[in-house]
Every structure is written in C-alpha cells, then in structure tokens.
Amino acid sequence: MKNYIQATEWNIIEEGFDPHLNKISESIFSIGNGRMGQRANFEESYSGESLQGNYVAGVYYPDKTRVGWWKNGYPEYFAKVLNAANWIGLELKFDGELLDLNTCKVSDFKRVLNMKEGYLERSFTAELLSGKKVSVVSKRFCSIADDEIAALHYSLVPLNFSGKLEICSFTDGDVKNQDSNYDEKFWEEVARSQQGPVSYLTLRTKKTAFEVCTAVQSSVFKNDKAQNLQGAAEIRDKYVAQLAVLELVQNDRVDIYKIAANLSSMNYATTELQQAAQQAIARACAKGFEVLLQQQQQAWENKWKESDILIEGDVAAQQAIRFNIFQLNQTYTGKDARLNIGPKGFTGEKYGGSTYWDTEAYCIPFYLSTAPAEVAKNLLVYRYKQLDKAIENAQKLGFKNGAALYPMVTMNGEECHNEWEITFEEIHRNGAIAFAIFNYIRYTGDESYLQQYGLEVLIGIARFWKQRVNWSADKNKYVMLGVTGPNEYENNINNNWYTNTLAAWCLNYTIEAADLVKTLAPQEYARITEKTKLDTAKEFEDWKNIASQMYYPYDEQEGVFLQQDGYMDKEQVLVKDLPASERPLNQKWSWDRILRSCFIKQADVLQGMYFFEDDYDLETLRRNFNFYESRTVHESSLSPCVHSILAAKLSDEQKAYEFYLRTARLDLDDYNNDTEDGLHITSMAGTWMSIVEGFAGMRVRNGKLKFSPFVPKQWKSFSFNLNFRGTTLRVKITATEISITNHSAQALEIQVFDRYYEVAQGEQSITYQLCV
Ligand code: BGC
C-alpha cells in the first residue's frame, strides 16, 4: 500500500518526483473521453521506467493465443487493447542537451489531475547535467465536449541560461504493446504527410485492419510571438515530426501547443478518414486551446451535476469517490453501442478485450442512476448486437437450437480469453447479462426493451441453460457439472450454487418476459417467436421443469447454501488465521494450493444473495454472510463492494464502511500493488454502489425508489444525484435525516424504510430515525 497522493476534494495531487512511483502515477493520472484515452506519460523524453499508453476505443488486435496444450474449442486469439500513436511527444534539447527527467535533477515536481474541470497538469523545474535550469508547466486533456479532439499546452522558461532550444514535436506510431505475445508490432503505416501546420499519420492494424488517423497541429510561441516550424529532416516509418529552433534568452517564455484529432475507421470509411481528420483538426484549431479547455470545463460541470457524490467530513473518502466517478465517466459515455467498459479502461493493457461480466454485474447500476437511460441501454444493446456471435460461440462448443453463450472476454462478440476453466466453465456471465436486462427494466420501467432487443437475448440464454444442465438420477434433480463460479480459486466444480440459482432464475424470467411481450406487443411477440423458432409450448415447459427441479447444494449443519458440491470436504480455515505474510494468496501460494484450499477469491454465493436479496430473509443472509465473509480473501477488486452492500443490509455499519474503504482508494493507495498496470475501472462502479445501494440502501421496488439509509460515523453527511424515470433528484443523508430535492415537475412516491412519502418538486426532508 502507498500513501503519496494528497487528499483534496477535487484534485489528485502528487508532489515530488519519485521515479519508482512513476508507472503507478501514469495510471492514476490517466485521462480519457470515452473515445480515446491515455496514461499520464510525460510529453518530453523519458528514459526511466514507463508504460507508454494511448488507446482508441474499440480498436484492438487479435494476438495469437499462447497456450501449452491446444484443446478443441479454444479461441484463436487473445484480444489486445492496442497501444496506439503517441501524439503528445516533444523532444526538447537545450544547446544539444536532452530534457529527460530520468537524467536531470528534478525539483518542485507536481502532478495534478483536476477532476472538476477534466484536465491533467504537471509542473517542475529540471536541472540538466550542464547545470541549466528549466521550469515547465504542461496541461492536457481529452475533450469530452468533442470526443475526437485532445489538446496540450506545454510551457517552459530557461531560468539561468540563454541558448539554443531545439523542439521536435512528433507523433509516433512505431509503438508496441508490452503484453504482445510474440513481441510483434501491431500497426503498419498507411500514410503520413505534412500539410501546412498539420501532420497526419494514418496507421492500420495488422489482421483487424482498423485504421486510425492522428492529425496534430503544433504551434510554438516565444514571448507570445509565433515561431516557424518545419518538417523534420529525419523521417521514419510510422512517425511524423516538426522542428523549431529558437534562440532563447534567460527568462524567455516558450509556449508549445499541440491540438490533436484522433479518428478511427470505427466511425469513418477508410477512404474518408483523412478528410474527416482534416475537418476535425480545423474545427478544433479554429477554437484554440483555451476555448477547447473552457468547453471541457463546461462539459465536466454538466457531468458532475449528474453524477457527483458529496461527502462531508472525510476528505480522503470524498477524493476517492470522485476519482472513481471521474474515471468511469472518462471510460464510457454511452454514445456508441459498439463500445464497452474494459476492466482497465484507457489506463493500461492488462486484461485484453473490453467486455467482461463486470459491465452487467457492476457497472450498469452506476450508469442507470447517473446518466440518461440511453447510456445503460447502449450497454445492453451491445450484447444484443453480439447475439449471433454468442450463438456461434455456443455452437462451437456443441450447443444447438439457438443456444447462446456470451464470451467471458470480448471485443466484438467473439470469445478472446483462452484459459479453459474460464472460457468454457465460467458460464455464470450469461446469467449476469440476463440479470442486467431485468435490472434495467426494473429501474427505468422501459418494458419495450424486451420486445425490441431483450427477449431474443433471454431466449438464447435460456436455451443454453437448458442444454447445459443434466438430469441426475442419483439426486433426482437437475445438476450443472464442470463449472467455475465467480470464485476463480476453484475450477471444474459441480453445482456452483450461484450458477445454478442464476440459471433457474433466467429460465423463469425468460418465460415471464415472453408473457409480457405477448401481452404488450403481440405482433412483436409473433415476430420474435418466428425469428427464434421458439416452440413455446415445449420449450417453456422444459424451462419450467428445470427451474423447479434444480439442485442447490446446502449444508444443514451450518445452515448455509454451499458454494459447490463437496465444499465442506475442504479443510475449513478462516482468513483471520492466515498469516499476513502469506497474502495475497495469488502472489504467495502455488495455484495448486489455492485450488485445494477453502479460500474464496470474491463474492460467489453472496453475489447471488445480492442479486436476489428479496428471496432470502435476514437470518439466512446473516448466516451465509458470516460463513462466507470469513473465508473470502477479496483478491478480486470486484468483491468488497458486494460484501459492503450486504453488511449494510445487515446493519453492520462498521463492516460496511471497512469494505467500502477497500474499494474506494484501491488505486489511489495502490492497495494490491498492481496500479501500475492500469486502474480497476469496473470495480470503481462497485464503489459507487457501496455508497448508494449500501449506505443509502437505495433499491427500486415496484417501480418506486426506496431508501434504508445510514451515515458512516466517520462522515457528517453524504449527498448524491440520481436520474430516475424522467426525474432528477438530489438525495442528502445525515445521521437523522434524508432530504430529497426533486428537480422535476413530476412528483414521486418514495419509500424510506417502510413508510411512503410523496416528494413534489422542491426539497423535502424526512427524519428517518423515526421510521426505523
Ligand atoms: C475476476 C473476474 C473479473 C475479471 C476482470 C478477475 O480477477 O475474478 O470476476 O471479471 O477479473 O475484472
């Protein structure tokens, strides 16, 4: 765990330069706008440890899989989130001496991520080996107001010398992925040119043939006077540059601006890409850096109006939740139903592929409440569009009749994860996708989603479960063999309670959804049954049968649902008895030892109890929580938020708060020693859930909002904004009161604990301690 980020309410601040922390900071200070993003790499040359990262949404490379023993059904490739052209590059030489913070003496170093206004700023003084001192301030952002545009302002002053400054402002596409399986480079050049002040570089990915055109206009000013730039003499493949040579007198000020447009063939025909880039760069340059920045500030102000959480009385917690919300909004904006939320977003390469069950199980609630309904809807439509591929994927594994198995990891609907125990066995992801449809409709009331998209997906998923179970004569029940639950610390298990529960729920929900569509939109129902060739009588009967006769492992002695068959055969040791020196297990123990142990990586049975909480009374929840919490090591960042929400439901406020802390500052404090690989973007949505579903106890039941709040004793109050069915609300919770401001004309009936209140336009305070 590290503790070098200063706690302030709106800014992430690092003061002093420690090269050992640089890769961690590159992740933490990442910027993005849903369409592109980058790690906080330095603009000037840096020969120290760094993970260079520029990413363009949806653009990936199918890197050839590396596995020992090839098995039938294995995916051909492991998708790589591609490191793309670096447009911020500045090579700066003072009388021939390179500015490189790895070789200079650095003082007054400060890096600030301004979350309120959406930009990254860095300042420092560097003393070169020759003794020359330069002070630098740089500011950059990826515009969320115009998501094809990014901009940089780099300003420097020679403090104690006069001399020659050579500036090489470049775009470098000759980049690699650190996680390339065969050390291969993934890009090839299509075109490069210099047209007036703008450099163009168009690159194409090998195999997938995505094209990305990066257009950059560089301009240089000395004491506010424009300077000449010319094409660089040394021009190489996948690289464009412009040079300026300036004679500087001590204390002159040099301002370098780079305005970039990054466009991909996701959005333009390759034949039109360069022209579109020309238009984008002209549009941005006509505004200039300062106007673009103002628009960025305005756009972020609007984003915060929708999604901010205000915490009074705890600055570290305030900073942390804003950081989580900021990064989520930088990663996904919901404008494009082909995009999704990668576990590392635009902050690192790890995890390849953009879409995991994380999106449906963890991210949907955040976007549902903090953005217009289309945003969460687009995440669902993404899966609808990939239904054919999910059916193909299931066919490859031997399933028939339109059964759909969504991939564990994907970019375009094809499976691109290659560990058999995950690809073939971690099939619970199918259930999370169905649950997200239910969750979206429960929140928005938009039942028409079923007829438009949802029902077809549910039918494919139900067909999969039908074929995935088998009848056990021994147990006289349906069983599901050879699966991996959310707990990846054991594979190839039989009857994972969570997966069986989810499968049965999916079968019932699909029938319910079909009935609803039949009633609400009979013609659509006819279209869908025809399209999917659904034999309603036979298939519904089969599904009902399976759902009602599913086997659920249970331990009578402990009174708990059993994570899987045989779990009690394991030596039962508790996490509290594990020596600290042996944790995290995944770094200290052999995989074999982990697999045989009773330790659980992340919420599994408890994930199911979180999804279907209304099916269980508090005592059942308490027994299961106590049993599983004491065996869970939370070695997935997705885990503590579920435990936090359940602890809150069980009125264990202290535990709820402790789990919350584990998710909230996970990356800022580098809890798991892995922030340098990138941020844990999807678990950030879990942090939001811990506050809104945990501390505020927010639920949607019978089409109405319900709250069962408390305030952690470390805080004075907390407030958050919500979009709910056409209304926008501000909810503030103190130790005794919940006040709800309804910003819309439409009145809402809201439940607080078990009482109902009519909340008209304006503010209403409810003393909730009286309702408990
Ligand atoms: C977790 C998975 C998760 C993946 C990506 C893994 O460590 O066990 O549940 O989908 O990370 O976040």
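Here the Cβ of each residue, glycine as well, is placed from N, Cα and C on the backbone.
Quantities reported herein were computed from a predicted structural model and do not represent experimental measurements.
Cβ contacts within 10 Å of GLU488 (active site, proton donor), excluding its own Cβ and spanning all protein chains shown: 21. Mapped onto three states, the DSSP output places GLU488 (active site, proton donor) in coil. The feature active site, proton donor is assigned by TrEMBL to GLU488.
DSSP assigns GLN602 (substrate binding site) to coil in the three-state reduction, outside any helix or strand. A 10 Å cutoff on Cβ-Cβ distances gives GLN602 (substrate binding site) a total of 23 other Cβ atoms nearby, all chains included. According to TrEMBL, the feature substrate binding site maps to TRP357, ASP358, LYS601, GLN602.
Annotation comment: TrEMBL describes 13-265 as domain 'Glycoside hydrolase family 65 N-terminal'.
Feature annotation from TrEMBL assigns domain 'Glycoside hydrolase family 65 central catalytic' to 322-689.
What TrEMBL lists as domain 'Glycoside hydrolase family 65 C-terminal' is 698-758. On the 0 to 100 pLDDT scale, the domain 'Glycoside hydrolase family 65 C-terminal' (698-758) averages 95 in this prediction.
Secondary structure counts, DSSP: the domain 'Glycoside hydrolase family 65 C-terminal' (698-758) has 0 helix, 37 strand, 24 coil. Cβ atoms within 8 Å of the centroid of the Cβ atoms of TRP357, ASP358, LYS601, GLN602 (the substrate site) belong to the same-chain residues TYR356, ALA361, PRO486, GLU488, ALA603, SER636, LEU638, SER639, site residues excluded. Rounded to the nearest whole angstrom, the C-alpha distance between TRP357 (substrate binding site) and GLU488 (active site, proton donor) is 14.
Under a cutoff of 8 A between CB atoms, and with a sequence separation of 6+ in the same chain, the neighbours of LYS601 (substrate binding site) are PRO486, ASN487, GLU488, TYR489, ASN586, THR632, VAL633, HIS634, GLU635, SER636, SER639.
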